[in-house]
Ligand code: PFF
């Protein structure tokens, strides 16, 4: 049993929202939506959140609360409890590894917010053109030295909180900052609605055009549902371990998922009108918000102030997420007798080192594509590959195993005690729907539509035989 629990349900919600809401919502969601053609992608993403993400979040928090250990320790303890193979610990190991890889590049991206805060303070965005904004972003990416400085600063921030114990700094920070971010996004949406391109944005985001959706896009939407809810990476399991027994897991998870989705949609509503109004490309890629938002702030009354506030809040949102990424590893090392301080510093240094390869892949190594022999990975740099490996492979795979465990290997009486009345809805979903949906997306992605048809024939034929 960990010695400290969250002081209330509210604090857990804030910590979990702090973990969930981050660069994934404000930086990644708009740019992958832009790259994948809008509406149809958004619809698949929302479906993934509701039918796969949410039940899985409940499963992870439940496992964490039953195990009351690090994700690795929890999987070992729960598997043991259920009289299952020790191998299930692999799920905890993969989750911890995924979080570690994500942290390495997340820190680099989060670092971008810092020079943007300085530029905003200096008034550099005032009346900036889209071209100049693009050039400013380009200069940042082209400088490994600058990127390294900000990456290092962000990693130090993460390690500091993690070393002090998550509950201390985090509880106070998230309860103030998350609401502030929400309000600021609303202000931005308000501004964006004056650009004259709001209707176009609504069509782009909410009118599905399935011809724009690819198999790859479906996998990206699924992977992003895990990424944005901090699933299959130990964070929710680790935080669940500190959840008091009387709190309703299901209601809590619903609140977290709704807030997370709300922030992502608000970010989309704020950003795309500006993209369209300035003739920028929706499929611009990872630089999307860093290129578009300065243009908007530059034209807004009080823009310097709002820009500063926005990038500060984005930095904090990323911070409360990165802390949760390190928690899987730190809590595990802590269980093994290494002090929190040493574990946080060691884990932070290792993730920082790996992060340097992301820094370089944005400039010096931008032509280095280690898996170019496979057509799908032809143009993927190291950074692209880390992102792909975690969001599109490790997380969906981890999620599949978690669903199989809670749906098939854990006694239903145990999960019923944890989930109460919600168990009735949750159980058939994690037992059948989630694994089936995940396998379908995998099959679709690996073998395409023809493969799915073949699998369907095989299934129906074996059903008759
Ligand atoms: N959910 C975070 C975001 O959307 O930015 C990212 C994240 C946090 C992923 C924690 C994984 C994790 F363990």
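Cβ coordinates are placed from backbone N, Cα and C, and glycine is handled just like the others.
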(message) For the annotation transmembrane segment in TrEMBL, which listed range does it cover: 116-140, 341-365?
(response) 341-365
(request) Report, as numbers and ranges, every residue of the chain located at least six residues beyond the transmembrane segment (341-365) whose Cβ falls under 8 Å of a Cβ in that stretch; write 'none' if there are none. (result) 100-101, 103-105, 107-108, 141-144, 147-148, 151-152, 155-156, 158-159, 162-163, 326, 329-330, 333-334, 381-384, 386
(request) State, in range form, which of 38-58, 147-166, 178-199, 296-320, 385-408 has the highest count of Cβ pairs under 8 Å to the transmembrane segment (88-109). (result) 385-408
(request) Report, as numbers and ranges, which residues of the same chain sit near the transmembrane segment (219-242): CB under 8 Å and 6 or more residues beyond its ends. (result) 2, 4-6, 12, 15-16, 19-20, 24-25, 28-29, 32, 36, 41, 44-45, 48-49, 52-54, 56-57, 60-65, 67-71, 74, 92, 94-96, 98-99, 102, 166-167, 249, 256-257, 260, 264, 321, 324-325, 327-328, 331, 390-392, 394-399, 402, 438, 441, 444-445
(request) Mind checking which residues of the chain, 6+ beyond the ends of the transmembrane segment (147-166), have their Cβ under 8 Å from one of its Cβ atoms? (result) 4, 15, 103, 107-108, 110-112, 114-115, 140-141, 239, 242, 315, 318-319, 322-327, 330, 340-341, 344-345, 347-348, 351-352, 355-356, 358-359, 362-363
